[in-house]
Structure formats: structure tokens, C-alpha cells
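Feature annotations, courtesy of Swiss-Prot:
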{"type": "REGION", "residues": "149-195", "note": "region 'Disordered'"}
{"type": "COMPBIAS", "residues": "154-164", "note": "compositional bias 'Low complexity'"}
{"type": "ZN_FING", "residues": "200-252", "note": "zinc finger"}
{"type": "SITE", "residues": "TYR210", "note": "site 'Histone H3K4me3 binding'"}
{"type": "SITE", "residues": "TRP216", "note": "site 'Histone H3K4me3 binding'"}
{"type": "SITE", "residues": "ASP220", "note": "site 'Histone H3K4me3 binding'"}
{"type": "SITE", "residues": "TRP225", "note": "site 'Histone H3K4me3 binding'"}
Amino acid sequence: MDGGYGSVTIVHDARSPEDVFQDFCGRRSGIVKALTIEVEKFYKQCDPEKENLCLYGLPNGTWAVTLPADEVPPELPEPALGHNFARDGMQEKDWLSLIAVHSDSWLLSVAFYFGARFGFDKKARERLFMMTSSLPTVFEVVSGGVNTQSKTANGSSKNKSGSKPPKRPNSDSKPQKQVQAKYEEENGGRGNGGDEDQAETICGACGEAYANGEFWICCDICETWFHGKCVRITPAKAEHIKHYKCPGCSNKRTRE
């Protein structure tokens, strides 16, 4: 669907709200990565000495910090310009939150741009809106507005109590927090009559909800849950981690 950071190849045949939503999810995932688990890399690329830079989320789930498209007017709506200029003049948390808000606006504008170009009728537009609204906003993920840890999935065999992982584990439950996190042992999962809390468990990296059988891990600093694959932690690695610090917390403390 996309022909570059700020250009697009329009294909008119058989494009559905689901196609546009898939594009939306890919771009959103890339932006969430930039502002969370890859924030150190993103921070370095936002050099205030450079020209107006934009943060682009790409359909394949990656991101790029680059100059805006040369075309005037651009084929796609453009992200906010010049976020790099504000990097050193704001608290990092506020700076990232501001970018997140602008990114949410951009993601919706791109999605409904496609909807207009593909000739979506009222029902198709409403369907697209409902799908995009089903996910937490980038701002909610970045600012911690999404309750990613207190409502969790059923514990695994590693969970001594056999119930949900606690928000704050006991001091003697070292590996419990990591390894129990998100191994499905009983029925439940993502909606469909299962534990309602599970549908509200959101990964702090990709923003996706919990699904059956996934391994997740919780940061001991910010208490945010992550897919193990999103932060490159396996169950075997988690067994040997006394206190887990997510990439965002690790990078923040390094800069401080």
C-alpha cells in the first residue's frame, strides 16, 4: 500500500477496511517501538542540529526519522515536523508524550486518507474507526495510561498460587514474576468468554493484547508488561534475571 515514507501507490481494487487497518497496525507498531524499546536509538537520531525531521511509522512495523517528502503536496498526510528541535528543551517524558500525541493524529489521518482514496462508504468508515479505536493510542502506551500490568493473564505452573501474577511480587518470588508471566495454563485468553482481564493486558512495546500461550515479562522499574519476543527475553533467560529492567528504563537511567 505504501510506496515510501511519504508516498503511496494507490490500488483501487478490493481494498477493505481490514487492509487499511493492517497498514495502520504496522505503522503504529513501528512508532511504539521508536518511543519505547528503541527509544535510545530514536533519541540519538533526533539531532536538534539537523533540519526539520519527521517520525514515520512504516507498514512493516519499523520506523524512520527523516526529512519530509519532497512532493508538494505530499501523497500521504505528513507527520508533525521538527520534533528534533524540542528534544533538549523539554523533559524527555514530556517530549516523547508530545510526539506520541502527534503520531496518533498522523496514524488516523493516514488511515482515513486511504479510506477516502478507496471510496469507503459510511459503514466501511465506521468499521475502520471501530478497529482503530480498539487499540490503545500511542500516547496511552508511552505515557503509561494503559494498565499493562495490574490486569494480567492466568499464571502458569511457575506461579505458586496458580492465580494471576501480582502487580508487586513478594520479595521471595524472584523468577515468579518473569517466568509465570503469560504462560497460559487454563482457558481464558483474548475475549471469547475467557477472563475479561486478559483482554486488557497490553504489551508496553507493541501495544498488542495478550493471547494464549505467550511468554511475557514485567519490568521491575515501571511495572509494564512486555511480550518476551518484543524485548528479546526468553523463558530460559528470565530464569536467571533477578530484577528485569525494560529497554526504556535502562536507556533512561543511562542518560541520567
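Quick reminder: no glycine exception, Cβ is built from N, Cα and C everywhere.
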### Message
Please report the distance from the Cα of TYR210 (site 'Histone H3K4me3 binding') to the Cα of TRP225 (site 'Histone H3K4me3 binding'), rounded to the nearest angstrom.
### Response
10
### Query
According to DSSP, which kind of secondary structure is TYR210 (site 'Histone H3K4me3 binding') found in, if we only use helix, strand and coil?
coil
### Task
Do me a favour and check the Cα-Cα span between TRP225 (site 'Histone H3K4me3 binding') and TRP216 (site 'Histone H3K4me3 binding'); whole Å is fine.
7
## Note on the structure
TRP216 (site 'Histone H3K4me3 binding'), DSSP three-state class -> strand
#### Entry: C-beta crowding around TRP216 (site 'Histone H3K4me3 binding'), within 10 angstroms
27
### Segment confidence, the zinc finger (200-252), expressed as mean pLDDT
80
### Message
Return the count of C-beta atoms lying within 10 angstroms of the C-beta of ASP220 (site 'Histone H3K4me3 binding'), excluding that atom itself.
### Response
17
